[in-house]
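Dropping a structure here in structure tokens format, bear with me for questions.
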Amino acid sequence: MGFSVGAILDADYYQETCPQVEDIIYATIRNATTYDVKVPARILRMFFHDCFIRGCDASVLIDSTPENKAEKDGHINLSLAAYEVIDDAKTKLEESCPETSGGPSWSVLKGRKDGRISRAEDTENLPLSHDNASQLIQSFSERGLSVKDLVTLSGGHTLGRSRCAEFDYRLRDFSSDHDTDPTLDPEFADELKRACPKNNKDPDAGENLDSSGLGFDNDYYKQIIKDRGLLVSDQTLLGDHRTRWRVKAFARYERLFFWEFGRAMVRLGNVGVVESGEVRVNCRVVN
């Protein structure tokens, strides 16, 4: 799978045609968050899952059809949510700026067109919660993203939570030598066992990805240093010399993390620009 990372997207692309575009999107998400505080985390996760397949082409928004099982119905994406917030933002943009929330003259170098391909099987290319540092580094490298990008974008786990199924194998019968993952802080392991009891029947049971809950901060990295990374893909960042030092830097300097996170999100958004696409009238359906 090849990815283009050379295109430059223009932050002011709609300055003349729809200058209120960011205000409309911000207001839509803020309003949705008053009803569901998990919306920011859900949209951040959706963005990553979309971009990591074949670039940020909104293919994760496309609904399945009888002829095609789309990305959103791939196993790893079944827990994605907040599609209705995207729909609402699209509707409001079309009302204020008809045919502008992705105009037909959208240049590949200045704006991103919507993809026409969305296949559930492609979600197998997404990083998994049990991947180790080497696997993660390789996966990011294949998309033109660096080790720094890996550690920085992992900080998005400062928002949201994970279901027990993603980490309970670390708590019981971990290996022939250890009942519990030895890289997991024992007290934290006990907390997780209470949150995810043996033979748990609640599919929504789980734990926050860091101790600060819904706050966007650098607590994620502080928890990793304490061996309290919830997922193997989190804790592994401390165990590898290529990622460890940056975890420690972000844990110490929150402003540095914030600065680098914004830059990494731009780089992620600039991966795999669609060279031939369309501007969907309905986010969920190919024109």
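Backbone N, Cα and C atoms are what each Cβ position is placed from, and that goes for glycine too.
Just so you know, TrEMBL annotations never went through curation; they're auto-generated.
Per TrEMBL, Ca(2+) 1 binding site is recorded for Asp50, Gly55, Asp57, Ser59, Glu71. For His157, the entry in TrEMBL reads heme b binding site. According to TrEMBL, the feature Ca(2+) 2 binding site maps to Thr158, Asp210, Asp217. As annotated by TrEMBL, disulfide bond applies to Cys18-Cys97, Cys51-Cys56, Cys164-Cys196. Under the heading domain 'Plant heme peroxidase family profile', TrEMBL lists 8-287.
For each feature listed, report its degree of burial, its nearest neighbours and the pertinent distances within the displayed model.
Within the same chain, residues at least 6 positions away in sequence whose Cβ sits under 8 Å from that of Ser59 (Ca(2+) 1 binding site) are Asp50, Ile53, Ala70, Glu71, Asp114, Gly115, Ile117, Ser118.
Same-chain residues at least 6 positions away in sequence with a Cβ under 8 Å from that of His157 (heme b binding site) are, in sequence order, Leu209, Asp210, Tyr220, Leu230, Leu231, Asp234.
There are 25 other Cβ atoms within 10 Å of the Cβ belonging to Asp210 (Ca(2+) 2 binding site).
Cys97 (disulfide bond) carries neither a helix nor a strand DSSP state and counts as coil.
Neighbour density for Cys56 (disulfide bond): within 10 A of its CB lie 23 other CB atoms from the protein chains shown.
Cys164 (disulfide bond) falls within a helical segment according to DSSP. Packing around Cys164 (disulfide bond) is summarised by its Cβ count: 19 other Cβ atoms lie within 10 angstroms of its Cβ, all protein chains included.
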Do you know the mean pLDDT across the domain 'Plant heme peroxidase family profile' (8-287)?
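Within the domain 'Plant heme peroxidase family profile' (8-287), the model's average pLDDT equals 86.
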Out of Cys51, Cys56, Asp57, Cys97, Asp217, which of these recorded positions is nearest Cys164 (disulfide bond) by C-alpha distance?
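Checked the recorded positions Cys51, Cys56, Asp57, Cys97, Asp217; minimum Cα distance to Cys164 (disulfide bond) goes to Asp217.
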Centre the Cβ atoms of Asp50, Gly55, Asp57, Ser59, Glu71, go out 8 Å, and tell me which other residues of that chain have a Cβ in range of the Ca(2+) 1 site.
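Output for this site, in sequence order: Cys51, Ile53, Arg54, Cys56, Ala58, Val60, Gly115, Ser118.
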So if I measure Cβ to Cβ from Cys51 (disulfide bond) and keep only same-chain residues at least 6 apart in sequence, which ones fall under 8 Å?
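In sequence order, the residues whose Cβ lies under 8 Å from that of Cys51 (disulfide bond) (at least 6 apart) are Leu268, Gly269, Val271, Gly272.
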